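Note sheet for the following structure.
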Amino acid sequence: MNLKGKTLKELEEVSLSIRERILEVVSHNGGHLSSTLGAVELIVGMHAVFDSSRDPFIFDVSHQAYAHKLLTGRWEEFATLRQFEGVSGFTKPSESEHDYFIAGHSSTSISLAVGAAKAISLSLEKNRMPVVLIGDGSMSAGLCYEALNELGDRKYPMVILLNDNEMSIAEPIGAISKYLSQAIAGRFFQSIKGKVEKLLAHLPEGASYMAKRFEESLKLITPGILFEELGLEYIGPIDGHNLKEIIETLRIAKAMNKPVIIHAQTLKGKGYKIAEGPREHWHGVGPFDLSSGEPLKKPCSSSPTDIFSRTLLELAKEDEKVVGVTAAMPSGTGLSALVHEFPNRFWDVAIAEQHAVTSMAALAKEGYKPFVAIYSTFLQRAYDQIIHDVGIMKLPVKFAIDRGGIVGEDGETHQGILDIGYLRLIPHMTLMAPRSNESLKEAVKFAKDFSLGPIAFRYPRKSFVLQEGIFSESPFLYGKAERLMEGKDEVLFVGFGNGVGRAYEVSKVMASEYEVGLVDLRFVKPLDHETLWELSKEYRYWLVFSDASKVGGVASALLEWKAEVGAEVEILSMELEDEYIQHGKVEQVEEEIGFDVKGLSQKVRERLERIANSQRLLV
């Protein structure tokens, strides 16, 4: 939709229709709502002043970019938002040329803009300029300031729209958020600042010194001091819902041909009164009734996250040494109740995964029992800290890895399929996984008192595949596997975490063909060498199930063990392929990639038949 030349009234009508479309689709499909509604006028302003087919439009996280999608030829397709093979909930270049870069994790936008600006400068292009939209929540991460530090020195022309709604996902945390929220009306100060700068240019040296001191004192009460000290131009705060003011400011910033930060104050959930209230509830939502705001499906009260939360709360009440941290996801990781109950022992440190891990390393050194509750996809942001600050000193930090496996509608930037591979590489790391809710309780208890080094346990977003009561649960024993079913054929199913449930369901489907054995590894590091050796004498063909990538995964660990001890077994991975997994409902995605029970059963059957055929050829 071309917004150039449209009147202010027409642009306001466009904004209204965009909000209506977003509400219509998100109430049906689910998605990121409040941040999206709050950014509508800012995005309309961007499209009215800049050209997304030419200027790199870079959205931090990009969950707030729905209006951008609607303005760039995806109005009808938007009905498929976050559905399998439909419109992504984030910017995606393969979906549209107007989506400059893929996003999903926070605080990358300014670095991308600096890189784009360098390319524009090297190409000697005069008519292109990066435009960034970043929320105040993302400004709590250090990557932003690494980029701003270089930008202030290099002075690449760009416009950075800082969307300040005094909210990230949860309650804003830290000095940066407090600094932004204290911003005062900026026009008066912009006017005074301009007059002071003109005065400085005409005063003799002695008087100029006094005027310069006056300017420095003025900065103490203006909201832009932080950015100006970094060498950037600052405009604001402006009303992020006033299109006239937004467009005028964007035009001024564009004409300055410098790095300019526009500080816009907005209201999350703008235009939908119900969503203008509670902070976290309306960030990411499932389908809901538009008139009442009530979810169409009640959330499960016994999700793995809830089980983890309740178990850790019980342990924290019993043991004052139990502490914990989350990075801007207290509700999503289940730490909200603990932050509320024990505010001096559980912390939300904002979008700062590196800081979260390193700070817990120090607590572990001081004799505390720190839990880092974090999504699998976000833990990778702190990989160096896990190695350097936790691993080398063998500190007993406990990593509770939520969303392990396929997470669904958020797509490739959020799938939790790499953690087994990247954690298994770390010396002295213990890596385990529960198979059920009851097993998860035991995992949390085991991790609490584990003292040999760092320990991690992973669990899925949705319910475990394995139903409760199928197998009796017992406490975890360090490095010990558990034999669950004995088979009469030479086929053994090896499960890890949620893979145990998948293996069990496949065994039922194939019961008429094979009577298989089933073992729950429980630990992929260290492996239970004794039990594995015993199993190698009973079963020739091992099929390995886990909810993670096969590269560096559980089967890889078993193949390393096989090579080390010389076990005469065939190890076949039923894990996820070495690919990024697209968005869609978990059930649809699993069916498409052959990771549901039907697909896995067929894969097992084909692999075993291939082995049988090859043996016949050798006879």
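In case you wondered, yes, glycine gets a Cβ from its N, Cα and C as well.
For H63, G104, H105, S106, G137, S138, N165, Y272, E353, the entry in Swiss-Prot reads thiamine diphosphate binding site, with the evidence type sequence analysis. According to DSSP, N165 (thiamine diphosphate binding site) sits in a coil region rather than a helix or strand.
According to DSSP, D136 (Mg(2+) binding site) sits in a coil region rather than a helix or strand. According to Swiss-Prot, the feature Mg(2+) binding site maps to D136, N165, an assignment based on sequence analysis.
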_Least surrounded among the binding-site residues, given as D136, E353, when other CB atoms within 10 Å are counted_ = D136
*What does DSSP assign H105 (thiamine diphosphate binding site), in three states?*
coil
*Let me know the most crowded of the binding-site residues, choosing from H63, H105 and counting other Cβ atoms within 10 Å.*
H63
*Reported as an integer number of Å, what is the Cα distance between N165 (thiamine diphosphate binding site) and D136 (Mg(2+) binding site)?*
7
*Would you mind ranking the binding-site residues G137, N165 by how many other Cβ atoms sit within 10 Å of each Cβ and giving me the lowest?*
N165
_Integer Cα-Cα distance in angstrom, H63 (thiamine diphosphate binding site) to D136 (Mg(2+) binding site)_ = 14
*Take the C-alpha atoms of D136 (Mg(2+) binding site) and H105 (thiamine diphosphate binding site) and report the distance between them in angstrom, rounded.*
14
